[in-house]
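Asker: Dumping the structure here so I can ask a few things about it.
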Amino acid sequence: MSDIQVARRQRRWHIAVFLLPALIVYTAIMIVPLAQTLNLSLFHNDAQNAVHFVGIENFRTLFVEPRWAAQFWNALRNNFVFFLIHMVVQNPIGIALAALLSIPRLPGRAFYRTAFFVPTMLSFVIVGFAWKLILSPIWGVTPSILGAVHLKWLFAPWLGKESSALITVALISVWQFVGIPMMLIYAALLGIPDEVIEAAEMDGVVGPSQFWKIKLPLILPTIGIVSVLTFVGNFNAFDLIYSAQGALAGPNFSTDILGTFLYRTFFGFQLQLGDHYMGATIATVMFFIILAGVCAYLFLIQKRMRRYQF
Amino acid sequence: MTKTYLKASLASVAVLASLASFASAGAETVTLNIESWRNDDLQIWNEKIIPAFEKANPDIHLVFQPTAPTEYNAALNAKLSAGTAGDIITCRPFDASLDLFKKNQLTSLNDLSGIDKNFSEIAKAAWSTDDGKTTFCVPVASVLHGFIYNKDAFDKLKLTPPKTVAEFYQVLDKIKADGTYIPMAMGTKDQWEAATMGYQNIGPTYWKGEEGRKALVAGKEKLTDPEWVKPLQELAKWKDYLGDGYQAQAYPDSQNLFTLGRAAIYPAGSWEISQFKSQADFKMGAFPPPVEKEGDTCYISDHPDLGMGMNAKTAHPDAVKKFLAWLATPDFATIYSNALPGFFSLQSAKIDVKDPLAQEFLSWRGKCKSTIRSTYQILSRGTPNLENETWVATANVINGTQTPEEAAKHLQDGLDSWYKPDQK
């Protein structure tokens, strides 16, 4: 008798009702388009504009056919370089800034915190345009500043050279987004209870070694999250390259990443007409790369990470 | 209480709306939106062209809605697919528009008055099917290539506009030796400058204009043949005459360098004329691409650039046709050519252009043989796209990261991978 009552009570309709709007919206604007993109990548049109199911032929074209493959692997390689620069430069700087900001009684802390975070809120178009101007060999302020300290010889048209364009764009992106790891890690650092710090001080762990031995292990999960966010952000990146280097991601495709490659293919560019099927194929590949990266993090790293309960 | 209020307000809105629709039906004003990439021309459309048309057709109201040139194709395709595009579409030449026609997004204009009479076959070629039977955009304007120079600088350095290639380099050497001016304002950052203002500008002289272009389309010539490699070799020499850091110099940088009087020569398209005239405070002249030997035939790129067609899904086809028919009249051509010196009418009738710099450009049509850009017709239909590849290759050649021979081979290999001339 009582069992039946429990079962009746468990049928809680309101949960489904409350979930429904989010489910509908999420399905309509995320899941359906994603499924359609995956589906689209299995089709192609022929010369008569008739659409055929081609299976994984598009993927074979992308990976194997020399012209497509050269572009694809180039974009993928550049994307990894772009990501590595973020991991090596953006995240350590973010951690360092957060560590500095969390020093108790730091004068002007609020100002610095805001100043480091402001670029994150700027539009890509503004960032791209402003840095193009700053670095311009003709009107830019960089050559004259370098000239003032007798380092003019260091200056080069960085955005226009194959050897330096990708690094330069990546560093601009680092400048823009360093505020995000800084904020997340800053919050994590503030979340460390004073008792833990005090205990460390009692044991004589102070200064830098306190950071390395006590605080860093405690914020590792946050650093993990920051790395995943960076990974997803970088492999979805497009805007900054497009606004600074154009859709052809010059010079000679040296700044071409998957996002710009996808844009050119899907929408077309100048005389190149858009190819929705190959574009969807690239989008699918991007989706799986990001999925693989996130899964690797979840199953290999997150699982092994030790968490501390305070 | 609230419910009655709601009902009342709904009712009044409905009444107002029906009144409004009656009112507009009474005046019968039709609003037509124009899609275009010419955002530079917004003012001219709003102040000269649209008023002229609306004066004669008070029942049609035109709204010019330009997008940024580099985003136009993508934006237009998206809007057409979504059914939100304007009534009148500004047509890119050749395949981009042909594709829209094939997708039934543009309509045939064969029955439009004036389309047969006022335009030659060549003028219509850029907006006709491959067999030339159906035209789907009214040809509006073509652009010419050449070099614009700073006349004050030339006078100061006692230089005369060069006629031959040898003279061209002598002039550049003299400007460089003097040091006051950057010899030539061009950058490779945006890449298309190198291809359009460089390659397509001087190229026709070497590949003999239409003769070479048609041979290339027919597969009788290859991009690796000497007449096609030579312009790349010439471009490679240009790097010594460009400004410092030209690798990061974008198109607006080049324009500004010239109009601020810091550079002496600007490899140009005629579309620059009106903007340059309003910005530069020195006298300007122009010379056509130099020829190899004195007395050689000169060739110029006279490229159909802009047409206008009708969105097949427009709600007001009659009004659109009225406007398009007006575009085919000499009245429009006169207004347009003079409002926008540098965009030359494609109509067969002679149009008086008052601007001296534009006249200079136009005079080459009589002296030199005209051709269109080599990469536009048919050859940019496949993947890799020859036009886009040419941007990258020419920028590489000027940057010195690829030799002209390597670049030519790369272009030809790309073309060979999909283009079989006999199956055209």
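Glycine residues also receive a Cβ, built from the backbone N, Cα and C atoms like all the rest.
Residues or ranges marked as transmembrane segment in TrEMBL: A:12-35, A:80-103, A:110-131, A:137-155, A:167-192, A:218-241, A:253-271, A:277-300. According to TrEMBL, the feature domain 'ABC transmembrane type-1' maps to A:76-299.
So where do these features actually land, and what's packed around them?
Answerer: Only residues 6 or more beyond the boundaries of the transmembrane segment (A:12-35), in the same chain, are considered here, and those with a CB under 8 A from a CB of the stretch are 287.
Here the transmembrane segment (A:80-103) has long-range neighbours at 109, 112-113, 116, 166-167, 169-171, 173-174, 177-183, 185-186, 188-190, 211, 215, 219, 223, 226-227, 230-231, 234-235, 237, 257, meaning same-chain residues at least 6 beyond its ends whose C-beta is under 8 angstroms from one of its own.
Sequence-distant contacts of the transmembrane segment (A:110-131), counting only residues of its own chain at least 6 positions beyond either end whose CB sits under 8 Å from a CB of the stretch, comprise 97, 101, 172, 175-180, 182-183, 186, 239-240, 242-244.
Long-range contacts of the transmembrane segment (A:277-300) within the same chain: residues 34, 37-38, 40-41, 43-45, 58-59, 61-62, 68, 72, 76, 224, 227-228, 231-232, 235-236, 258-259, 261-262, 265-267, each at least 6 residues beyond the stretch ends and with a Cβ under 8 Å from a Cβ of the stretch.
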Asker: Which sequence positions outside the transmembrane segment (A:167-192), separated from its termini by at least 6 residues, show Cβ-Cβ distances below 8 Å to it?
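Answerer: Contacts of the transmembrane segment (A:167-192) (Cβ under 8 Å, skipping residues fewer than 6 from its ends): 81-82, 85-86, 89-91, 93-95, 97-99, 101-102, 113, 116-120, 122, 124, 127-128, 131, 135, 158-159, 214-215, 218-219, 221-223, 225-226, 229-230, 233, 237, 240-241, 244-245, 255.
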Asker: Do any residues, 6 or more residues outside the transmembrane segment (A:218-241), come within under 8 Å Cβ-to-Cβ of it, and if so which ones?
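Answerer: Contacts with the transmembrane segment (A:218-241): 79, 82-83, 86-87, 90-91, 94-95, 124-125, 127-128, 169, 172-173, 176-177, 180-181, 184-185, 187-189, 192, 196, 249, 255-260, 262-263, 286, 289-290, 293-294, 297, 301-302, 305, 307-308.
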